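**Student:** Grabbed the feature section from Swiss-Prot, which reads as follows:
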- 1-27: signal peptide (SIGNAL)
- 28-447: topological domain 'Extracellular' (TOPO_DOM)
- Asn46: N-linked glycosylation site (CARBOHYD)
- Asn124: N-linked glycosylation site (CARBOHYD)
- Asn142: N-linked glycosylation site (CARBOHYD)
- Asn171: N-linked glycosylation site (CARBOHYD)
- Asn219: N-linked glycosylation site (CARBOHYD)
- Asn269: N-linked glycosylation site (CARBOHYD)
- Asn305: N-linked glycosylation site (CARBOHYD)
- Asn330: N-linked glycosylation site (CARBOHYD)
- Asn345: N-linked glycosylation site (CARBOHYD)
- Asn410: N-linked glycosylation site (CARBOHYD)
- Leu542, Gly543, Val544, Gly545, Gly546, Phe547, Gly548, Lys549, Val550, Lys565: ATP binding site (BINDING)
- 844-895: region 'Disordered' (REGION)
- Ser858: phosphoserine (MOD_RES)
- Ser866: phosphoserine (MOD_RES)
- Ser871: phosphoserine (MOD_RES)
- Ser874: phosphoserine (MOD_RES)
- 884-895: compositional bias 'Polar residues' (COMPBIAS)
Amino acid sequence: MKITEGRFRLSLLLLLLLISAATLISAADYSPTEKILLNCGGGASNLTDTDNRIWISDVKSKFLSSSSEDSKTSPALTQDPSVPEVPYMTARVFRSPFTYTFPVASGRKFVRLYFYPNSYDGLNATNSLFSVSFGPYTLLKNFSASQTAEALTYAFIIKEFVVNVEGGTLNMTFTPESAPSNAYAFVNGIEVTSMPDMYSSTDGTLTMVGSSGSVTIDNSTALENVYRLNVGGNDISPSADTGLYRSWYDDQPYIFGAGLGIPETADPNMTIKYPTGTPTYVAPVDVYSTARSMGPTAQINLNYNLTWIFSIDSGFTYLVRLHFCEVSSNITKINQRVFTIYLNNQTAEPEADVIAWTSSNGVPFHKDYVVNPPEGNGQQDLWLALHPNPVNKPEYYDSLLNGVEIFKMNTSDGNLAGTNPIPGPQVTADPSKVLRPTTRKSKSNTAIIAGAASGAVVLALIIGFCVFGAYRRRKRGDYQPASDATSGWLPLSLYGNSHSAGSAKTNTTGSYASSLPSNLCRHFSFAEIKAATKNFDESRVLGVGGFGKVYRGEIDGGTTKVAIKRGNPMSEQGVHEFQTEIEMLSKLRHRHLVSLIGYCEENCEMILVYDYMAHGTMREHLYKTQNPSLPWKQRLEICIGAARGLHYLHTGAKHTIIHRDVKTTNILLDEKWVAKVSDFGLSKTGPTLDHTHVSTVVKGSFGYLDPEYFRRQQLTEKSDVYSFGVVLFEALCARPALNPTLAKEQVSLAEWAPYCYKKGMLDQIVDPYLKGKITPECFKKFAETAMKCVLDQGIERPSMGDVLWNLEFALQLQESAEENGKGVCGDMDMDEIKYDDGNCKGKNDKSSDVYEGNVTDSRSSGIDMSIGGRSLASEDSDGLTPSAVFSQIMNPKGR
């Protein structure tokens, strides 16, 4: 084949770029000298996991110090859809103490233990109760993987430790507890990897927050990683880390209150430059190229804190590592962005100025702090808050954070073991122990030896030939579709790969409690669907919608309940809506969005499989139902949950997503009454920064349809706000959005409720069940919020963030009044509620004299305030916990 000179030059250029890229990647990676991946209970052959890492079996392994007769190997009885096969489908089970011995060099090691609580060898998973020790250190004690998974709604658990090995041997002992008598221990996988000594501090510069004394972290200190977050960015999988195989997770699930701040991404022309003395393996480029700030409005920023809340074990000291990198090209000088860092309501850094630390933007920096939480039992909260420092009058009243790592430090007797979390609605999920695949492509973990340029050339040539061959096959039409005859996992690409995905904001808020990996969608065969629904038994019909019927089903041998939506060929909603639903939900994982498990497209069918929502729709509990009436606080919490889901759609994904069909039948309730937004068949990607709207054919549901959208056929996220305002009035009045049996002026709730509001008679159309159960302050705030949502002009409506904030505030007002013994009024005084004629100002409006909903406690607010005579500025406010101040809907059963 003749190649022109131009093509030859282009090929040569591509080759050089590939070699350069390979060299850069290898330079950024740490190369472990030891890497042991032990597949416990596995067969004789080695297996490869989803990150392309090879796991060796422990059967007849040299690492078995104890006799293999003292343990048994067993496969898991069942496999959750979210659980990878390697290393979780086999385990080694111990009924007496059992020791693994790993011959390794002296020095620091990452030790990761992998657990999938299931039935092994016929044993009950709840009877698994054991300790794990290494030398003088107790890593786990009285540990129940089953209880932990249930409490945190995880399918599987990863425990990561940092230990120091001396003497060339790492002995790890698993010991079943003495009680109950049938207790046993198990483990699915063990990872031992060498690491650089990157967390020690022996020079006296590390101090305890709130104290002047220094803290030493040396070889005698063992650590457990409890959180590792990529603030403002995506999840980062182990294969996309810097050779250390750490998992980094999205920070949004941990943000307190509605003050989410805004994600920032390094300017495209900015190169992240690690300073001399800072190894590039400290944190990936993707951590330093994304951040979260408070936003551009100084007035707002000065009235709240950007706050994260973490659940931790009491009785331990914690190492908190914060990662910083100025990502804005506009900030190049000292005193442009200065802020205060608080840890547990104590000042950790009075004047944090990233440029002062680094001398330039685009330069990574990290700083360590040690926190000693108050004494207590069980679990407590660790707070991290940022607030602008106005003392030196910086150019921007703002703050910035790129990454967070939190480690538990061993006690004086070598203990790292905390208590098992208690299942219940108050347990906060911790995704730092769940391995969730991301969209990033795996990169090689084997460092390229310096000087091996020929290896890079060969690699580049191989890649080039593969790409060329793939191109030729595509041209010839040689690609064959995968068979859809059996169930399998089909990757649905989210927003890109590798570093290009760094700015693509995917959230798994709450995603961490999902039953599925965030980037995989299961493909079911039609035979599986028929078996799950008992051949579409009509007695299993849960409901009928525009797309078709929804059936109750069971998959995976009856172990998992699901809802199965079967498309009706005669429905107006067809292939486009089917594809939209898959594309949208496969990209989104959030506590308040219904999870898509998979789909089926065989035999011209269009079938979607979702998580089962035990309590059905919100509407089923408001009117025309035999169900008991919902209490007011529960209605508020459901509205808050739905608002969180919509707020995430509008702001949390890479592009704004407009739902376009918000209504009470599309707000579903799980077994713990956690609200989840559903039905994305009509959803639309919203406008970019360069546009204010999307021109589209009008779609939606009558009674909820934004009149401005209907008139102008221009869709914005404010159309969802309008529809949600109707939902709020439905929750308050317990009547349909449209009721043609009523008088003409009362048919539309979106028109009748505002009319009653303006006339001061809204209390007269409130659900009679709620009379005497809503405090006047709460009623006023809720009514104002709903009213602003349904204003005629979209520009006058609040954002979903504002709506969420005000609903949280309304709930706070209700709870505060109840706790302080204030009475609730059957007849709310509507004369006190002044209609503002639509001239409402959002929290991004600098001219607003009052910041709607800026009420938090002292840990998320820059001001002291009180409600009902109780100060919220005090740490010890008569038991008024953060969960009492703001309903976070942090139910771990939410996914």
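Note: Cβ is positioned from N, Cα and C throughout, glycine not excepted.
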**Student:** Nearest to Asn142 (N-linked glycosylation site) in three-dimensional space, by Cα, is which of the recorded positions Asn330, Asn345, Val544?
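**Tutor:** Closest by Cα: Asn345.
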**Student:** Please identify which of Asn345, Asn410 has the densest Cβ environment, defined as other Cβ atoms within 10 Å, among these glycosylation sites.
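**Tutor:** Comparing the glycosylation sites Asn345, Asn410, the most crowded Cβ belongs to Asn410.
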**Student:** Based on DSSP, name the secondary structure state of Asn330 (N-linked glycosylation site): helix, strand or coil.
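**Tutor:** DSSP assigns Asn330 (N-linked glycosylation site) to coil.
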**Student:** Where the distance is taken from Cα to Cα, which of the glycosylation sites Asn46, Asn124, Asn269, Asn410 turns out closest to Asn219 (N-linked glycosylation site)?
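**Tutor:** That would be Asn410, nearest by Cα distance.
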**Student:** Compare the C-alpha of Asn269 (N-linked glycosylation site) with the C-alpha of each of the recorded positions Asn330, Asn345, Leu542, Val544, Val550, and give the closest one.
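**Tutor:** Considering only the listed recorded positions, the nearest one is Asn330.
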**Student:** CB neighbours of Val544 (ATP binding site) within 10 A?
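**Tutor:** Excluding its own Cβ, Val544 (ATP binding site) sees 10 Cβ atoms within 10 Å.
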**Student:** Along the topological domain 'Extracellular' (28-447), what average pLDDT does this model show?
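**Tutor:** Mean pLDDT, the topological domain 'Extracellular' (28-447): 90.
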**Student:** Between the recorded positions Asn124, Asn171, Asn305, Leu542, which lies closest to Asn410 (N-linked glycosylation site), Cα to Cα?
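**Tutor:** Among Asn124, Asn171, Asn305, Leu542, Asn171.
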**Student:** Just to confirm: which same-chain residues, 6+ apart in sequence, have a Cβ under 8 Å from the Cβ of Leu542 (ATP binding site)?
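**Tutor:** Non-local contacts for Leu542 (ATP binding site): Val550, Tyr551, Arg552, Ala563, Gly616.
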**Student:** Out of Asn269, Asn330, which has the highest number of nearby Cβ atoms, where nearby means within 10 Å of its Cβ, if these are the glycosylation sites?
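**Tutor:** Checking each of Asn269, Asn330, the winner is Asn330.
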**Student:** Using a Cβ-Cβ cut-off under 8 angstroms and a sequence gap of six or more, which residues of the chain neighbour Asn171 (N-linked glycosylation site)?
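**Tutor:** Counting only residues 6 or more apart in sequence, the Cβ neighbours of Asn171 (N-linked glycosylation site) under 8 Å are Ser65, Thr99, Tyr100, Thr101, Phe102, Phe134, Gly135.
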**Student:** Using DSSP reduced to three states, classify Asn171 (N-linked glycosylation site) as helix, strand or coil.
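**Tutor:** Asn171 (N-linked glycosylation site) sits in a strand per DSSP.
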**Student:** If we check Cα distances from Asn305 (N-linked glycosylation site), which of the recorded positions Asn46, Asn124, Asn330, Asn345, Gly548 wins as closest?
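**Tutor:** Considering only the listed recorded positions, the nearest one is Asn345.
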**Student:** Counting other Cβ atoms within 10 Å of each residue's Cβ, which of the glycosylation sites Asn219, Asn305 comes out lowest?
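**Tutor:** Minimum Cβ neighbour count within 10 Å, taken over the glycosylation sites Asn219, Asn305, occurs at Asn219.
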**Student:** Where does Asn269 (N-linked glycosylation site) sit in DSSP terms: helix, strand, or coil?
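**Tutor:** Once the DSSP labels are grouped into three classes, Asn269 (N-linked glycosylation site) ends up as coil.
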**Student:** Given Asn46 (N-linked glycosylation site) and Asn345 (N-linked glycosylation site), what distance in Å do their CA atoms have, once rounded to a whole number?
**Tutor:** 50
**Student:** Measure from the CA atom of Asn345 (N-linked glycosylation site) to the CA atom of Asn330 (N-linked glycosylation site) and give the result in Å, rounded to a whole number.
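**Tutor:** On Cα coordinates alone, these residues lie 31 Å apart.
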